[in-house]
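Quick look at what TrEMBL lists:
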| type | residues | note |
| --- | --- | --- |
| TRANSMEM | 20-39 | transmembrane segment |
| TRANSMEM | 51-78 | transmembrane segment |
| TRANSMEM | 84-102 | transmembrane segment |
| TRANSMEM | 114-135 | transmembrane segment |
| TRANSMEM | 150-169 | transmembrane segment |
| TRANSMEM | 190-211 | transmembrane segment |
| TRANSMEM | 231-252 | transmembrane segment |
| TRANSMEM | 310-328 | transmembrane segment |
């Protein structure tokens, strides 16, 4: 039975995974386990060299140079230790992804659109990693700069399991865990790997079953069946779509999360099932946990967060969702999506504050 071809993200990453990325991830696993067994002290540098080599092989010398250039520019700007300057640099680098002349130049480097999109997706994710490192550099004392060297930035930026699509791991967590030397057990790691592969294979089978039998995205791409469907049917389609999105990311984040575990790191928790969520706030906290931690640490809290006044909280929340919308591409529908999510979070938190007032609690 033919599959639903309308979910670009799933088809795209599965195709790249089968042809190249899974093999390169297997190579990373081999290098990681050998370095943990023989040269634990030099594991970050072994993985850095491997990640740079994998990037070169998959994106070519020009793609590799773009990512290296972004990292170098971010590191130089971070030397001024000004958070606002670092953010300005990050946003400017991110904006270069949408300059038509730059896009056209990068397209000419590759034979197919898929290769260009791989560079685009990779650079957009690397921008977040460069931002995380640079802000941590700004916030740390001079005595701690040795642990925030350019070599450590490259080890972080070129860490291959999270290279193309995440999940996002903040630099403070990455460096602390990567420096930690633990007892290495081949038997334990083999057990983790076996269980992890079985789980991911089950999720992949479930996603493939859904995309071969349900045709959710094909139905959404045509107005005629949607116009003739009842409200119950539309609700069922919406639920089916978000459930597929959840299963899809169990696979897309599950593979790198497993490799993070094999490297002795603690990955962000995998997405929580959307059927268990009943609020915008919980959705943002527990679906993409790595992105949520990034947004809270580098945008929400520095701008005041929940500790500031009501207007301050509204502003810091709006700024957080504005960045998410811009980072995802900045198209008009993404701004509407971000605004609706911001409104949902504000209404929920406002309702909680009202319900926490003593007279209201007594009335209830």
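Glycine is treated like the rest: Cβ placed from N, Cα and C.
At the 8 Å Cβ threshold, with sequence separation of at least 6, the transmembrane segment (20-39) lacks contact with the transmembrane segment (310-328), having fewer than 3 such pairs. Panel annotation: around the transmembrane segment (51-78), residues 20-21, 24, 27-28, 85-86, 89-90, 93, 106, 109-110, 115, 118-119, 122-123, 126-127, 130-131, 133-135, 137-138, 150, 153-154, 157-160, 163 of the same chain, lying at least six beyond its termini, place a Cβ under 8 Å from a Cβ of the stretch. In terms of C-beta pairs under 8 Å, the stretch of 84-102, 150-169, 310-328 lying closest in packing to the transmembrane segment (114-135) is 150-169. Within the same chain, residues 13, 16, 21, 24-25, 28, 44-45, 47-48, 50-52, 54-55, 67, 71-72, 74-75, 118, 121-122, 125-126, 128-130, 132-133, 175, 178, 252-253, 255-257, 259-260, 263, 265, 267-268, 288-291, 293-294 sit at least 6 positions outside the transmembrane segment (150-169) and bring their C-beta atoms closer than 8 Å to a C-beta of that stretch.
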